[in-house]
Amino acid sequence: MKLFGTDGVRGKAGEFLDSFLAMRLAMAAGIYFKDKSITNNILVGKDTRRSGYMIENAIVSGLTSIGYNVIQIGPMPTPAIAFLTEDMRCDAGIMISASHNPYYDNGIKFFDAHGNKLSEDIEKKIEEIYFDDKLIQASKVDMEKIGQAKRIDDVIGRYIVSIKNSFPKDLTLKSLRVVLDVAHGAAYKVAPTVFKELGAEVIVMSDKPNGLNINENCGALHPANLAAEVKRLRADVGFAFDGDADRLVVVDEKGEVANGDSLLGVLALYLKEQGKLQSSVVATIMSNGALKEFLNKHGIELDTCNVGDKYVLEKLKVNGGNFGGEQSGHIIFSDYAKTGDGLIAALQFSALMLSKKKSASSILGQVKPYPQLLTNLKIAEKKDLDKIKGLKELKKDLENKNINTLFRYSGTENLIRLLLEAKDIKLLEKEMKNVVEFFKKALNG
């Protein structure tokens, strides 16, 4: 049985991800990190889901039972956990979140002592430990060696300082009216504080988490309400975060939702113009063809990798690069953070607007993405795509019509993601119907 997906362990809280799994997974991870232990402390944070309390208590029980001390810091963005794990000299960090998923899902992500997400090899080792009953039993310590847990509520200041340090010292946000949609999630305190302290006029939306409303018709996956509010208030820009604030969606002053690849393109050019861009930009295989064209036009190379911000970071390390991201809004400025950070990306875009003295729409309009259609199709089983009869012929036919394709399974759900890209939207709509019917028969038959 495989536990880890694209981004940690994720599933329906109380069913797949119950307290037993959380406790045993924490023990397995703790056993793995014991060999590298320096401080014997592990940091645990979460987003605002009600199930986070159940999972957090189970994780604390598992870790303390094998002798670890646990530092609990409450609701905090995923990138904050990555930063604070290293900043507070912990052996590892754990984030309890299902990111952009609905409240009834939850997840567990791990970070090493340096704030990096774990490689697939390490995740595999933790899975092996998880299923080793003898090793799990043998790891339990005597009564006097059981670990302690303590809750610290004031670490938010450390993260805020680190975020503000990413913003140019010679700029201020005083001239900007900004609308923030924090998705009733982990950034509901941090995001408004950062923007207010840097001088912006801030209007906040979806900042009243009740444990059940995270991501509900708000945030990065549902930016329509933010777009309407930006127009109504005549704001300069709107920023929408997801439940754990590791992704960003930008809305311009006209209420138009920016394409994620347009955002990547203009931020990459901004870094280059400052002389800060190192090596090539990294995006995923789902990136728009227009991004590559835009970057190449400005003398910037683009490399691609699998979907997931940890793969973007891995590729950046190999290339010696410092900027990359995903169309979905995960944007990595590795000079400032080791994972996608929506707040850092929002501040960098704000700095770009201020330094150019241009509107959000005029900046984002530099990159004109080709039409793409993405369909998430629920499926009964995940067959090997290379062995599906007729798929090669289907892809060849689409290629002959100048349609780019990407078909991939979700790492966390029973879905196949079907992506088509071409210059003719009507052709895409027609062909997507055929593609959906093909996969319905192939995977639900």
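Each residue, glycine too, has its Cβ placed from N, Cα and C.
Of all Cβ atoms in the protein chains displayed, 29 besides its own lie within 10 Å of the Cβ of S99 (phosphoserine). In the three-state DSSP scheme, S99 (phosphoserine) is classed as coil. Look at Swiss-Prot and you will find S99 tagged as phosphoserine, backed by sequence analysis.
The Mg(2+) binding site annotation in Swiss-Prot covers S99, D242, D244, D246, and the record cites sequence analysis as its basis. Sequence-distant neighbours of D242 (Mg(2+) binding site) (same chain, six or more apart, CB under 8 Å from its CB) are S99, H100, A183, G185, N215, G219, A220, L221, G329, G342, listed in sequence order.
Annotated active site, phosphoserine intermediate per Swiss-Prot: S99, in sequence order.
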Additional residues around Mg(2+), ordered along the sequence, whose Cβ is within 8 Å of the centroid of S99, D242, D244, D246: D47, P77, T78, S97, H100, G185, A186, A220, F241, G243, A245, R247, G342
CB within-chain contacts under 8 A for D246 (Mg(2+) binding site), separation at least 6: P77, T78, P79, S99, D309, H330, T339, G340, D341, G342
For D244 (Mg(2+) binding site): intrachain residues, at least 6 apart, with Cβ closer than 8 Å: D47, P77, T78, M95, S97, S99, G185, A186
